[in-house]
Amino acid sequence: MPRRPPFWLTLLIILIGLPLCLPFLYVILRATEVGLTRSVELLFRPRMAELLSNTMLLMVCVTIGAISLGTFCAFLLERYRFFGKAFFEVAMTLPLCIPAFVSGFTWISLTFRVEVFWGTIGIMTLSSFPLAYLPVSAILKRLDRSLEEVSLSLGKSPVYTFWYAISPQLKPAIGSSILLIALHMLVEFGAVSILNYQTFTTAIFQEYEMSFNNSTAALLSAVLMAICILIVFGEIFFRGKQTLYHSGKGVTRPYLVKTLSFGKQCLTFGFFSSIFILSIGVPVIMLIYWLIVGTSLESAGDFSEFLSAFSNSFIISGLGALLTVMCALPLVWAAVRYRSYLTIWIDRLPYLLHAVPGLVIALSLVYFSIHYANDLYQTFFVIIIAYFMLYLPMAQTTLRASLEQLSDQIEKVGQSLGRNPFYIFRTLTLPAILPGVAAAFALVFLNLMKELTATLLLTSNDIKTLSIAVWEHTSDAQYAAATPYALMLVLFSGIPVFLLKKYAFK
């Protein structure tokens, strides 16, 4: 395949990339208003060191914990047979149904002892590990056991075999998961604010809320952007260059699932049961508890208010997910099939944007809509654009995993027959990666249903979503009033999670 993409594809990815530059432009413009002397004072004060330490510790610990837990769970479930396996294959995806800020307030309502560093790390890890479990599990299902058999036949130990024969094949899934989880932890707001853990994002929100100081908030965001650039470079180095599809003759030989001994089955069952109880059991039980015994339930509003919040969440999330996936497709296709500096950097631009807190992205859209498109201010259109900016990397990660597993030989055949690249993509490539497209849509839709920060700022007072309703009531310690909205959010989020597990990651 040629390294230079077709002109129409180049133009398309540039048009997609242009609006992604707005938040960067906003951050630079507002950060320069602080002035050099004031910037030095802010960046080198003790408070900044504390925020940097807290943010980096949260990102590193949660990423390591979520990747380790997700990979270990995927390996056990794909390689071994034990009682309860079928249930836990589904149960390990269910934490995606529960927003991190909902988990936070349910744990806080149970015990205030979680308002410590390790409590925050634990809750965020339990909320994030399915983002590693799903893609790693999908790759383990498709691995050829020939490499492992060759390694073992040469006298290598199982540990050596896993490290040098299996783990390199998991690099794409693990690398994408590291990037996704790490960047998400950099900008997490709802859960860490409920758990009273101070990070750059909470400081940015406080600067805006208490002093309406957009310039200082932009300066703090610039620090996050610098950290993000390092993470993106690290992910590119970690991923490396390797062929991920089966290119030889013959068929892939799947792994044989082994049955564990009774003692090991008991240990494995206990391990998965503990994860299920901590990640799903406690939040759901506490929601039901507050629904039954809470005294603030009457503050939740009538059924019409509840229905309005649900319909707003569904419509905005659906449109946002559709736009995001449609824009992610050409970016990923260009980066994977037409590797060049232009396609790679436009493909990585959304990941850099992911390090900008949703609050700052929302502020940039408020600024540009007020000054240049006042009629669009506080409309669904601006919210959908914000969603596209926030969750484009999530769609890219899922689509990339599908496209990299597809050999480009079929596209070369189409090209040799004189077909143009768009026809080849529409008739050959797209149908082959439809499960990945469905996975991307479901994953983005799921996260948009739970999105809080940008939605808080961009919606007008007469527009309420499920996540906003939960936030408003929990901020006033009205846990019972928040429960109906939180339960609806959890139950409805189960639909895309079911689709992800059943059709996309298999």
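Glycine is no exception: its Cβ is also placed from the backbone N, Cα and C atoms.
Pulled from Swiss-Prot, these are the features on record:
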- 52-233: domain 'ABC transmembrane type-1 1' (DOMAIN)
- 310-500: domain 'ABC transmembrane type-1 2' (DOMAIN)
- 9-29: transmembrane segment (TRANSMEM)
- 57-77: transmembrane segment (TRANSMEM)
- 90-110: transmembrane segment (TRANSMEM)
- 116-136: transmembrane segment (TRANSMEM)
- 174-194: transmembrane segment (TRANSMEM)
- 218-238: transmembrane segment (TRANSMEM)
- 275-295: transmembrane segment (TRANSMEM)
- 314-334: transmembrane segment (TRANSMEM)
- 350-370: transmembrane segment (TRANSMEM)
- 379-399: transmembrane segment (TRANSMEM)
- 428-448: transmembrane segment (TRANSMEM)
- 480-500: transmembrane segment (TRANSMEM)
Need a quick answer: max count of Cβ pairs under 8 Å to the transmembrane segment (218-238), which of 9-29, 57-77, 174-194, 379-399, 428-448 is it?
174-194
Paired segments the transmembrane segment (174-194) and the transmembrane segment (90-110) in contact, 3+ CB pairs under 8 A:
yes
When you check the transmembrane segment (57-77) against the transmembrane segment (480-500), do you get at least 3 Cβ pairs under 8 Å, counting only pairs 6 or more apart in sequence?
no
Check for me, if you would, whether the transmembrane segment (314-334) reaches the transmembrane segment (379-399) - at least 3 Cβ pairs under 8 Å, residues 6 or more apart in sequence.
yes
Tell me if the transmembrane segment (275-295) touches the transmembrane segment (90-110). I count contact as 3 or more CB pairs below 8 A, with pairs 6 or more residues apart.
yes
If we call contact 3 or more Cβ pairs under 8 Å (sequence gap 6 or more), are the transmembrane segment (275-295) and the transmembrane segment (480-500) touching?
yes
So which of 350-370, 379-399, 428-448, 480-500 has the most C-beta pairs under 8 Å when paired with the transmembrane segment (9-29)?
350-370
Are there residues at least six beyond either end of the transmembrane segment (480-500) with Cβ under 8 Å to its Cβ atoms? List them, or say none.
93-94, 96-99, 102, 105, 134, 283-284, 287-288, 290-291, 293-300, 306, 309-310, 313-314, 438-439, 442-443, 445-446, 449-450, 466-467, 469-470, 472-474
